[in-house]
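Noted in TrEMBL for the protein shown:
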type	residues	note
DOMAIN	B:92-384	domain 'ABC transmembrane type-1'
TRANSMEM	B:25-44	transmembrane segment
TRANSMEM	B:56-76	transmembrane segment
TRANSMEM	B:88-116	transmembrane segment
TRANSMEM	B:128-150	transmembrane segment
TRANSMEM	B:184-203	transmembrane segment
TRANSMEM	B:224-244	transmembrane segment
TRANSMEM	B:264-283	transmembrane segment
TRANSMEM	B:365-387	transmembrane segment
Amino acid sequence: MKKITSLAAVSAIAMGMASGAQAASATLDAVKEKGFVQCGVSTGLPGFSNPDEKGNWQGMDVDVCRAVAAATLGDASKVKYIPLTAKERFTALQSGEIDVLSRNTTWTQTRDTTLGLNFAGVNYYDGQGFMISKNLGVKSALELDGAAVCIQSGTTTELNLSDYFREHKMSFSPVVFDTSDQTVKGFEAGRCDVLTSDQSQLYALRIKLANPDSAMVLPEVISKEPLGPVVRQGDDLWFNIVKWSLNAMINAEELGLTSANIDKMKESSNPGVRRFVGMEGPKGSGMELSDDWAYQIVKQVGSYGEAFERNVGSGSPLQIDRGVNALWSKGGFLYAPPMR
Amino acid sequence: MPTDVKNGVAPSSKPKFWNDPEKRALLFQILMILTILGFFAYIISNALFNLEKRGITTGFDFLGQAAGFEILLTLIPFDATYSFGRTFIIGLLNTLLVSVLGIILATVIGFIMGIARLSQNWLINKVATAYIEIFRNIPLLLQIFFWYFAVLQPLPSPRQSIEIGSAFLNNRGFYIPWPEFHPAFMFVTIAFAIAVVAVIFLVKWNHKRQDETGQTFPVFRAALALLIGLPLIVYFLAGSPMTWDYPALKGFNFRGGATIIPELMALLIALSVYTGTFIAEIVRSGILAVSKGQSEAAHALGLNNSRTLRLIVVPQAMRVIIPPLTSQYLNLIKNSSLATAIGYPDLVSVFMGTTLNQTGQAIEIIFMTMAVYLTINLLVSLFMNWYNKRMSLVER
């Protein structure tokens, strides 16, 4: 797998080698021609994008990539995963190295408006928290004055952390690493007292520790971190495809569709389901997709609920509660526009 | 043939310009320059066009915006409210810090080991050889990881620090007492400046006296006494205008004094130990390049060992040593960018890493970073070339 550096990306932009976005569907055409979707993922974050022992990528973010592949190519396995550090991710997308970035990336104004990128939605509502070694006896983030904090560079986490400590008139020394693995290693070795990251990541990183019980996650959540897939600006059709692939997963859960029951539900007379599987309604022509694109997503990847339970919820070692990531009808934030 | 011979008479007029080697060369050079300029013009306009089309903000306005993040090691005041432009300076200073310290340390290690390798003493010779052969042949990045993860990280936590006098060593760094100067310390600084001037005059006077009378004066010892003694006397006369700030464990970490962070230690040790091996070999080759006849002749003239070394061997060896030594210095500066692997906040880590990510201005930032390394290295080259010229053999 080719690893992109910022430098290579810059020269790619300068030399004009990057696949441009001239035609409305340049990315879709390129994907169809290559026969796979190039998807930027993390370098290894359990529950979101992490290779299993057989080398297959799994996680919430990976399922977005698979949904896009199922919608565009009819086969969820036609994805090429490109692991990127937080620092590399945007240049990789800008230069055309990847078609979609699905790498626990926080949606912010700067990223959405100045980088030439578009966020296609939110697939996980997160917030920043702190993990601390139990034997320090700290119960609240407000007791962290003077602490050394391990942190991954190039993240919104870095900015929130400094805001939080400044607001509470506390000092800290930042110990900055490139990958989350290095960050955990630094925390384990005692280079820092605290590790800060999005809460979901903290649970994921905690199970990576040699002794997970030695660490605890503090109750404070200090920021909003809406995570979602990102595409290049200027290719609206591709933007729509990624946006609606995610929406389809959420709508599927709302309609009660799962990979197990969709074949049976297909026969139902529920108009919402009939529109979903492409027997009625807008189908896929507006996105240059086949009519059963949404059916393929649910059949091969599953609904949002399935993906959640499988990757981070009760079916995973992370055991994260649905919380705000439940459907709007069940007290959460998830609300996809209707498919009609 | 364009210039044919008419009626057997060679043309006395000027030949066509494509047959004139000088003009032809000029033509090709102009063509070459135009091609290169055109190439770069194309690249730049293409980049600007693509950036514009994709809605990526360009320009250097971001340098004035508030950074919003903190940096572990800052030589000048910095917090999250300072600008991105300031992060550039911070990164640059941190790069210069590790480069300058690294160059000094590598030079010391290199000269000692280079001379040790020529030693007649079996043990010293073999130790130097082993050092050079081991550290020269392991990739630098691995050595940085080794010092950081294998040597410095396993040190005890702050609460179990190793105590060395009033200094403390733990896995968060080396905490040392740091002097705090009071206003009256200015007099000590002035005394030191006076001592420096006095030493310069002393050296000149000694040269003149030696030229005239042939007698020498123990300048080195006198200069040392002057440089240390004079400020010391003034220091006590001014009432000891300096106190020490001792580090003490407060809360999570030590506070007070000065901290040498483990990232800096690991990087500094790795860079100087690695570059030191090359400098050792350069020094050895330089000394070996001076023929034995030179020192024999010096001895025959009655110069003792140290004077032979100082006046005859070293000046000639330096001519051989300096050019490759310059390359090693440049390598060390460039290699310091590996800092980002262990999180030392150098220019690449802070500016090309965090700042680039928070602003997304990839082209501007990478351009600035490259320009900085180029400038630093050109300045070092310039200085070393000047020094080389000074040291070179003056032929009469």
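Every residue gets a Cβ built from N, Cα and C, even glycine.
Scored by C-beta pairs under 8 angstroms, the transmembrane segment (B:128-150) has its highest count with B:264-283, from the stretches B:56-76, B:184-203, B:264-283, B:365-387.
Beyond the ends of the transmembrane segment (B:184-203), by six or more residues, the same chain brings 219, 222-223, 226-227, 230-231, 233-235, 237-239, 241-242 to within a C-beta distance below 8 angstroms of the stretch.
The stretch from B:88-116, B:224-244, B:365-387 that makes the most Cβ contacts under 8 Å with the transmembrane segment (B:56-76) is B:88-116.
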